[in-house]
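Taken straight from TrEMBL:
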DOMAIN    1-167  domain 'Deacetylase sirtuin-type'
ACT_SITE  H1  active site, proton acceptor
BINDING   C9, C12, C34, C45  Zn(2+) binding site
REGION    201-258  region 'Disordered'
Amino acid sequence: HGNMFVEECVKCGKQYVRDAVVGSMGLKPTGRLCSVTKARGLRACRGKLRDTILDWEDSLPDRDLTLADEACRYCHPAQRGTVPPHPSMPWCWISPPPCRKADLSVTLGTSLQIKPSGNLPLITKKRGGKLVIVNLQATKHDRQADLRIHGYVDEVMTKLMKHLGLEVPEWTGPVVVERAEQPQAQQLQCPLKEQPQAQQLQCPLKEQPQAQHNGSVLPVPCAGQAPRQRRDGLRLECPSPDTGPTPVKKMKVEPLLT
């Protein structure tokens, strides 16, 4: 499906191999421009760069498919004829065995289901080469393989490079986190500061005058209590602390003359 570290110019076809993942997929622009100059003093190409990751509906790149096909097939056309091994023998036309560039095809981490790229390793096999398949699950061409390794590609290639005496450089760039652990609760706790106690609005503790109406004495509500509704529709509220207690007026009630 492509290489996540490679981006390609859509104008000139120049490819750039990056140390980090390009950050997009599906042949989409990466936000960078091509810096290739054809000659000294000329302006750079400045074509838009895109990733090389293929999506399901994208076709295979022609350049990569052609290089892989040439590596599996003949390295040169067949010779027309050869000199007979003995002078008494007439000239004959003998076609030499087909030549190949690749003596060994190694498939890494693929099920070989997609055509035509999935059939390329079989071309080397038909030309007399050998086929090695490295994959966790079974593949389509397991019966044609000379060696099958069911394992992780990283582990197999690490052991192979060690056997060949080649050192794999240590990767210092960004890594993929396969598993995340939940942090402990103690790491999320911050020292709590002592919060000042909320000062509640309270009425003074002095004795409040009692409201009188028609000779009846009514209690005055204190702070913290909801105003109460009287039967005659009047509301009893606590006086504001800024203005102080509300003075009570005495009213004289006289009987009505009939």
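Every residue, even glycine, has its Cβ placed from backbone N, Cα and C.
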*Which entry in the list of binding-site residues, C9, C12, C34, C45, has its Cβ near the fewest other Cβ atoms, using 10 Å as the limit?*
C12
*Could you round the CA separation between C45 (Zn(2+) binding site) and H1 (active site, proton acceptor) to a whole angstrom and send it over?*
27
*Zn(2+) site, defined by C9, C12, C34, C45: further same-chain residues with Cβ within 8 Å of the Cβ centre*: V10, K11, G13, K14, L33, S35, V36, A44, R46, G47, L49
_Measuring Cα to Cα, how far is C34 (Zn(2+) binding site) from H1 (active site, proton acceptor) in Å?_
23
*For the residue listed as 'active site, proton acceptor', write down the residues of its own chain that are at least 6 apart in sequence and whose Cβ falls under 8 Å from its Cβ; none is a fine answer.*
I53, L54
